[in-house]
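Undergrad: Sharing a structure, written as structure tokens. Questions coming.
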């Protein structure tokens with residue numbers, strides 16, 4: 001296995017380029033399966049989740065050509081050769097469940113997908129997916145290893161109202177509605193930028209699809225789609241991540257391709273605690289405008305609110321901001337466990353089951369912590385950390401970059417590879433001191449100060 005040793009290095013300075021959005025690229029690859037024509041995607045990020053989705057599409061009959069230097073990928077699926085997703089894709093991420101919507105139009109006789117995985121940040125149940133698909137004429141059954149869906153009478157358009165604006169359920173229903181007979185109106189949809197990117201892709205390919213400001217998507221089923229050439233939008237989570245790393249280190253980093261319109265709630269919160277930024281046509285420069293001051297309430301929400309994926313790295317900023325701040329996580333019920341790692345480094349954090357904000361969320365009666373108070377500013381100390389999920393991983397790297405007392409040992413760095421293109425190289429280019437090592441599991445029981453590390457990065 002690979003681990004990272006990250007040293008406190010002082011200020012980060014320089015420039016990095018934001019890659020294409022993970023949460024758009026993976027979904028557009030699945031959407032390409034709606035068409036039997038060639039689809040070209042540009043600005044494709046070279047990350048683990050995209051590679052995995054490419055292999056998933058290939059297993060179903062897709063022909064894929066991916067030039068990683070130019071970031072251009074061509075995918076062509078003239079016919080679906082397999083309607084049972086191989087079990088090797090079980091529990092690795094949440095992409096396979098979207099194949100129900102994408103494939104049923106071309107394979108109404110039935111599709112089988114294995115159980116889904118992804119970050120360990122809560123139950124993330126599939127009820128919204130299944131209930132919506134059933135309203136389109138889909139019959140669904142399940143066993144311990146996966147889900148079987150079929151549409152024996154074909155997909156039929158319908159009026160669907162989602163109980164919650166779930167991103168995944170919105171995507172699945174859009175994909176299914178493309179091949180459904182008649183009109184489908186989906187209410188209370190998620191309207192994240194990646195959803196709109198999916199809509200643009202489908203419209204270019206020939207779909208009759210529109211959106212409205214009242215969280216409505218309207219689709220007339222058109223059957224098969226044509227060829228399409230589409231450039232993936234930049235990753236707003238990666239852009240914010242490097243912006244936060246710059247601010248917490250006291251440095252100055254220009255994040256090329258960062259888009260202000262994708263970052264509005266993040267930039268507002270960043271400025272409120274003392275972070276600075278300068279917006280230009282080609283990107284955003286991030287820096288620390290004044291000593292960081294807390295006393296804020298950070299509440300995650302669906303778009304256009306503060307994204308849950310920004311919350312974890314932002315907690316590191318709050319640990320270095322003078323005063324007490326509140327985090328209220330309303331999107332995923334189990335996304336604050338990473339704070340134990342920051343506590344181990346010296347951060348002062350308290351977890352609460354109550355909703356610590358002006359409004360109660362859907363987890364108000366849940367028996368689990370989904371709010372936290374962070375008291376800053378406190379020095380952080382190098383520690384041995386195990387990454388629990390992708391965004392917590394970047395938070396741990398940020399914390400290690402400002403920690404005192406040597407290098408932090410960080411396990412499960414493969415989770416960072418899922419969502420950040422060349423994260424080690426990009427951080428090194430800004431002055432970060434990071435080494436990647438191969439290590440046997442039993443060696444990790446040794447104190448980080450006495451580890452016999454074998455460098456695999458040279």
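Note that Cβ sites are derived from N, Cα and C of the backbone, with glycine treated the same way.
For reference, Swiss-Prot lists these features for the protein:
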- 22, 23: phosphoenolpyruvate binding site (BINDING)
- 94, 309, 331: UDP-N-acetyl-alpha-D-glucosamine binding site (BINDING)
- 119: active site, proton donor (ACT_SITE)
Undergrad: Work out how many Å separate residue 94 (UDP-N-acetyl-alpha-D-glucosamine binding site) and residue 23 (phosphoenolpyruvate binding site) at their Cα atoms, rounded off.
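TA: Between the alpha carbons of residue 94 (UDP-N-acetyl-alpha-D-glucosamine binding site) and residue 23 (phosphoenolpyruvate binding site) there are 11 Å.
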Undergrad: Highest CB neighbour count within 10 A among the binding-site residues 22, 94?
TA: 22
Undergrad: Does anything in the same chain, at least 6 positions from residue 23 (phosphoenolpyruvate binding site), have a Cβ under 8 Å from its Cβ, and if so what?
TA: 167, 192, 194, 235, 237
Undergrad: Within the chain of residue 331 (UDP-N-acetyl-alpha-D-glucosamine binding site), which residues six or more apart in sequence place their C-beta under 8 angstroms from its C-beta?
TA: 300, 301, 302, 308
Undergrad: Across all the protein chains here, work out how many other Cβ atoms are within 10 Å of the Cβ of residue 309 (UDP-N-acetyl-alpha-D-glucosamine binding site).
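TA: The answer is 25 other Cβ atoms.
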Undergrad: State, in Å as a whole number, the widest CA to CA span among the UDP-N-acetyl-alpha-D-glucosamine-binding residues 94, 309, 331 given in the record.
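TA: So the binding residues stretch over 16 Å, Cα to Cα.
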Undergrad: Can you grab the distance from residue 22 (phosphoenolpyruvate binding site) over to residue 309 (UDP-N-acetyl-alpha-D-glucosamine binding site)? Cα atoms, rounded to a whole Å.
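TA: Residue 309 (UDP-N-acetyl-alpha-D-glucosamine binding site) has its Cα 12 Å from the Cα of residue 22 (phosphoenolpyruvate binding site).
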Undergrad: Need the DSSP three-state call for residue 94 (UDP-N-acetyl-alpha-D-glucosamine binding site) to compare against my parser.
TA: coil
